Protein chains: 2
Amino acid sequence: MSEPLRIGIAGLGTVGASVARILADKAATLTAQCGRGIVVSGVSARDRSKDRGVDLSGAKWFDTPAEMAVSGEIDVFVELIGGEDGPALDGIRAALEAGRHVVTANKALLARHGVELAETSEDKGLILNYEAAVAGGIPVIKTMRESMAANTPSRVYGILNGTANYILTRMESDELSFEDCLAEAQRLGYAEADPTFDIEGQDTAHKLAILTSLAFGTKVASEEIYIEGISNISLGDIHAARELGYRIKLLGVAQRTATGIEQRVHPTMVPLGSMIGQVDRVTNAVAIEADTVGSLLLSGPGAGGDATASAVIGDIADIAKSHPGRQVAPVFGRAATELRPYERAEMTSHAGGYFIRMTVHDRIGVFATLAAHMAENDISLESIVQHGTVNGEVDAPKTVILVTHETTESHVRKAIEAVLEDGHLVSKPQVIRIEPAG
Amino acid sequence: MSEPLRIGIAGLGTVGASVARILADKAATLTAQCGRGIVVSGVSARDRSKDRGVDLSGAKWFDTPAEMAVSGEIDVFVELIGGEDGPALDGIRAALEAGRHVVTANKALLARHGVELAETSEDKGLILNYEAAVAGGIPVIKTMRESMAANTPSRVYGILNGTANYILTRMESDELSFEDCLAEAQRLGYAEADPTFDIEGQDTAHKLAILTSLAFGTKVASEEIYIEGISNISLGDIHAARELGYRIKLLGVAQRTATGIEQRVHPTMVPLGSMIGQVDRVTNAVAIEADTVGSLLLSGPGAGGDATASAVIGDIADIAKSHPGRQVAPVFGRAATELRPYERAEMTSHAGGYFIRMTVHDRIGVFATLAAHMAENDISLESIVQHGTVNGEVDAPKTVILVTHETTESHVRKAIEAVLEDGHLVSKPQVIRIEPAG
């Protein structure tokens, strides 16, 4: 049997502690599966004295991740610190320079520095694994970089943020407002004290940027993503969606179009009877559509210490098995030096169906005007729903919902502008894109 | 750049022709991804003159798979012939003896000879890949043998046969009988002229046996599976299922229990709102439940030339990338010599909920007798539904549906026997197991 693989863990929060504990608890089966042992020989974390439920006395403690990275004590640098720069980036750069393989769960860091790190690791023949960075325990990175060789993907989309999905699920199942669900999610530890990153879509965008590169062979372009969060989704939208046969999900979507590649994160209407429509609470899911295989959908836990640790340990085990340590596949599926520049398709050219919810003054001719503005902009309507008065009074504002056939974002924006100019609307209209989904 | 990987394809049916065509069409991107070319240098098929839509003039033709396997022309033997013995087995054995890697899509062969072939390939340091053998284009083999290192699975279940799922989907969506749907599936080419293998569960059983080994580290035991097919599922069962919040699916289930490992294939009630409940038509899905990651679900096309070719080419690409050709993981996730004997849990000890549908004579006291027999056997009832008379006549037989709380198979069998002895039943009762599913 080969020498054990020596790993150094940087960051001993929930995930890091889970990784250390599971490596200890499952040492025997891991050794049987990998043909060699895996030992934690180095650790770097802020608080050395904290009880993490695992005996780390056999590991050497380092003051900084970078010191551990360059020491002779480890073969693999496992980065579980977080943050797109700082000690996480310093540690990974130092590790690659020093010839250590790297495993990371850090999507923000990869979204910003992924191509640079991929070039370095491939240049040096080192492995850079990051299964846990996207969709937690779901093996989507392995699937995209190893199982899609025969495929040219056309679209990748998914529910990539458990906090946002939990809130949308609870709003529907318990008839609660966005604010109440967010407060509950914070109480349960599903949402941070400052939840902006999760509910406004940036976290989803980081993960999407990585999936886009894997799908389309382009450089990671996390700054070029159209982003809308879920904070303005109301219970009224959720009810209307249901009535029309849809459910609202925060999706990240990357799609090849005639004018480039769309990357967009926004609330989306998906069919009620679709599989992705059943993905509830903190569960994540990723769908991949490609020419050869057709459609795949993978779902599972998107976060949590153990589920994330499962992905991290899978990455470590792949390194242990591939001794003397060859990258089975390039970091982003093809050589980092051959990744093409990202060609952005503008959001205004996005084609699809739209749900438009408007509260209008109850005046003669308002509906005719709305319909005329849609027609002027070549928008054909699939359905029109009028929801009676808002509060039961005669002459009180009425809710009108339009569902369009396929049109473009620019047509919809122009039509909405025209409607706004007429002054018939009581408040800002709600526009939610409809996504075909299996 | 390394020398190209030379593959020999044995069997040029739908899948084999797709593999050859896609390898030609996508040669450039495959070379970029793998860092080396992949060329079809050998072919063995019955009919040399048939037009398969791909130019195979550069490949050497062999009269038998075994001759191709031992020739110096190939590095990888790709077996797409089918059949659990005969030329497929001869070819694979010869290839491994001659030091060639093997890729196969043959579940029947692996279900019978998998352990022997795994021992040979591991002994010789050769790769034996078989992603396409289970659930077609879904990367379930890779997930189970490479991504679950930190996990001890407790249950694996799935929709593993597209023909059966197509029939069940159509019965529900179009109110058609089993026979009509089967005839339609045959017209569309989804079912064979002799559909027994698909609809009676044997095909599902072969795939399940492979998943069981991967999940539990036991020797493949395809002969020790409890099997019931779907040919006795009626439209009445499907209606009743829906009314109770379930959908009927043919599942293969492998589950660790206190007395051993259950392997069972049977029609199953899954919750209407579950993800697996939305898997329709010829789509397949596999769910994996394990201690560390929790629950994963993978779905996608279970058959079809291109979808299956996608999996086969992914396997070939893994070999191309891992040059000089090291098995990344043992064939069944751990060394074949260390697979434990399969310990069968008897079906009679299966614990779960049951749906029991009976047509009874409309006599005074019948319901009381039914209820008494359930109680005598410690079966507690979750719901009782009586469906009025079968044909509207007074005194005509009535349909009674019982849904039990968790009980055991042996209790249910005893209760049914007792009911049958009473002579109140007009026909054989229908018993369908309820499976908790996400």
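Glycine too: its Cβ is placed from the backbone N, Cα and C atoms.
Automatic prediction, not curation, is the source of TrEMBL annotations.
Database features (TrEMBL):
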- A:K207: active site, proton donor (ACT_SITE)
- A:A10, A:G11, A:L12, A:G13, A:T14, A:V15, A:G16, A:A17: NADP(+) binding site (BINDING)
- A:E192: L-homoserine binding site (BINDING)
- A:355-434: domain 'ACT' (DOMAIN)
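Features per TrEMBL, on structure.
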| residue | record | DSSP (3 states) |
| --- | --- | --- |
| A:A10 | NADP(+) binding site | strand |
| A:V15 | NADP(+) binding site | helix |
| A:E192 | L-homoserine binding site | coil |
| A:K207 | active site, proton donor | helix |
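When DSSP labels each residue, the domain 'ACT' (A:355-434) comes out as 25 helix, 30 strand, 25 coil, counted as helix, strand and coil in that order. Listed in sequence order, A:L80, A:A105, A:A132, A:G305, A:T308, A:A309, A:V312 are the same-chain residues six or more apart from A:V15 (NADP(+) binding site) with CB atoms under 8 A from its CB. On the backbone, the CA of A:L12 (NADP(+) binding site) and the CA of A:E192 (L-homoserine binding site) stand 19 Å apart. Comparing the binding-site residues A:G11, A:G13, A:G16 on other C-beta atoms within 10 angstroms of each C-beta gives the minimum for A:G13.
Sequence-distant contacts of A:A17 (NADP(+) binding site), defined as residues of its own chain at least six apart whose C-beta falls under 8 angstroms from its C-beta, comprise A:R52, A:G53, A:V54, A:G305. Most Cβ neighbours within 10 Å, among the binding-site residues A:A10, A:L12: A:A10 holds that distinction in the structure as shown. Listed in chain order, the extra residues whose Cβ falls within 8 Å of the Cβ center of the NADP(+) site residues A:A10, A:G11, A:L12, A:G13, A:T14, A:V15, A:G16, A:A17 are A:I9, A:S18, A:V19, A:A45, A:L80, A:I81. Spatially close to the residue listed as 'active site, proton donor' yet at least six residues away along the chain are A:K107, A:A111, A:A133, A:V134, A:A135, A:G158, A:L160, A:N161, A:G252, judged by Cβ distances under 8 angstroms. Here the domain 'ACT' (A:355-434) returns a mean pLDDT of 90 for the predicted model. Counted over every protein chain shown, other Cβ atoms within 10 Å are most numerous around A:T14 among the binding-site residues A:T14, A:E192.
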